[in-house]
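Engineer: Copied straight from Swiss-Prot:
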- 634: active site, proton acceptor (ACT_SITE)
- 516, 517, 518, 519, 520, 521, 522, 523, 524, 538: ATP binding site (BINDING)
- 510-783: domain 'Protein kinase' (DOMAIN)
- 822-855: region 'Disordered' (REGION)
- 23-415: topological domain 'Extracellular' (TOPO_DOM)
- 437-855: topological domain 'Cytoplasmic' (TOPO_DOM)
- 416-436: transmembrane segment (TRANSMEM)
């Protein structure tokens, strides 16, 4: 980790630290600190927790409960986790509230060792009167010491009731509870929503869960360092590129609070440290510092960003931009102008619509403004809070009434059925009327508009200009073809020109039941042509600027590429201003569905190697087979498709970029790709080379081996990123410990060793240390040979080369990056040929789509 902090920051804090609680400005009217199951007061982080059985203002309503005490030795730093209250039936804590308004609800859980209860098997559901806080939370992947959950809810009555609901054949437990008043002005009722940028009101009616609270550049701050008892974590593990930042510090006592930003907003220790742009030797001034935060994609998020200019020596010298999920949240931000000084805190709130983030990742970035004299950007703190959904839940879609057994929801069941029936009948009548009207309007439009007229306003031209002649042709596959004509370029390999009516018939008028996927450019449907051929139809969305750009890029790439391991194209349709590409249908879909997330039989080790080899051949052809290399930029398991014989093809060229020419070493370009697969050097320098694809392919290799996503936010933090996690095991020589359990005892150790070495080389931090795709292909084929040959005969030692007798390849040392790979056995290395084109149509393909926000 390239930080200038570590010991210096710790020494700095020790030299200037004073306990902030001594100068607390806010005294919470309600301040319940409850130690559940304890028989005496417990001191934790300089705060006193009172036993739940002795608190005078607390009413504990329980059915069957008991106390669990840890059988391990007592640890004073985690003393509240030595006991727990265990419930086998519905139970509740009732708190008397003296001051209405927002309150923190903090829950502490630790499945302590106990001879009576197996708390690791507990399933926890916690609700208030109005909101679901936790729903069937389990400890299946738990390997830490405790779990801490923090919520804020607006209490509008004299009492706050927390109900704990065990699931069937399980128990629920809790170690400690905090219910603490929140300052009235800490969370506003309105914030700016992004994409589209509009005010979002009504926050006071919603509940929040703290997902992240980060101290940029500084150490962990516990409740002892915060006047409101909050915890601020160090941000290092969420930086997309650790070496992209330089930490700057100031004396906490020099921070100048204002009436609008007080000690309650954030401690001065947060504003006294900052991450700034490090000297990363970037080629582009648009380089950003980015934090990647795994989130639940089904919720909105309240994002608060904290700033304080402790960097500048003079006013108006630091101007930068803030981005949330690639949306410009703040442009040309000059902190000294906004605060009328230096070292004056400032914060801004936003609402991010997480429901469109299918990747489950929220990103926050800062970068220099294009007009700034100094290339720099900074951030001091970041808070991300999950917002309750329409069901008033922070965990799933179930409401409180549906979770409480025998609650008020069941009492009004008959009434709800009657009302629902009436509403349904009225809705059905209105729906029929609307459908009739829409059909009438559509019929009139179809009669009044000819297909030829629709062609006059094409927003796109699916005809790459490669100096080839254009010829007008008609589709002859249907009798409907005589009604229209369209432009076709057979010589550009765009294939057959389809009539729009043919597409409509093939997809049953784009029936939603035929939907295969959704992407930034539009949708992909499964269809069947008149001759019975199954196809995948990609229909572009003309309102999506990103989609149109990716759509054109894919057309341009596919028109000049033909290879057995690249997606092939049947034809297109540009009638009626449509943007439609037609591919042959890929029977076995994306590689990812065969690894996890789908109920499919596990792939054997040999099958996995053959699939990786096929994908490597496709990428090697992209890099070396065309007149100018092509960089895919979005290599991942959803973009590797499998035909009925599990032959792999690389798909989705929407982000592809022509590589550097012979006199160039790289292409400077804005960073695009998918988090988890993105080359850190490309992200840091914005210099794109073929080695960026190699890095992404290394992630794919680890994904194939371990059968888990590239990013998995539900795992412990050190396991979230598969590249970092798997590399740690590979360097210890223990890669077999984390591979898919279906492969245990079924993999030749020599083959696994070569596979791991190949992936490790691909995931090198710097591109110069990574192999070419040709070298990767060579080594994967070697791993396959080792799998097919006796381990005793083929066991490689540390000094072995990658020469395999019997394979027609030029002998070379493994990963010799000084060599230019021109030809390999079994790899088509020339430019696209008719033979290649014929080969490319032997298996069915379609381009797997992912949501563009995940890129």
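Including glycine, each Cβ sits where the backbone N, Cα and C put it.
Not measured: the values here are computed from a predicted model.
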Engineer: Just counting, how many other CB atoms are there within 10 A of the CB of residue 524 (ATP binding site)?
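Structural biologist: For residue 524 (ATP binding site), the 10 Å Cβ neighbour count is 22.
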Engineer: For residue 522 (ATP binding site), what is the secondary structure by DSSP, using just helix, strand and coil?
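Structural biologist: Residue 522 (ATP binding site) sits in a strand per DSSP.
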Engineer: Could you check the binding-site residues 516, 518 and say which one's CB has the most other CB atoms within 10 Å?
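Structural biologist: Checking each of 516, 518, the winner is 516.
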Engineer: Among all protein chains shown, how many Cβ atoms are found within 10 Å of the Cβ of residue 634 (active site, proton acceptor), not counting that one?
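Structural biologist: Around the Cβ of residue 634 (active site, proton acceptor), 24 other Cβ atoms lie within 10 Å.
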Engineer: Would you report the average pLDDT that the model assigns to the topological domain 'Extracellular' (23-415)?
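Structural biologist: Averaging the confidence scores along the topological domain 'Extracellular' (23-415) gives 87.
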Engineer: Return the count of C-beta atoms lying within 10 angstroms of the C-beta of residue 522 (ATP binding site), excluding that atom itself.
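Structural biologist: Around residue 522 (ATP binding site), other Cβ atoms within 10 Å: 24.
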Engineer: Just the number: how many Å between the Cα atoms of residue 522 (ATP binding site) and residue 634 (active site, proton acceptor)?
Structural biologist: 17
Engineer: According to DSSP, which of helix, strand or coil covers residue 634 (active site, proton acceptor)?
Structural biologist: coil
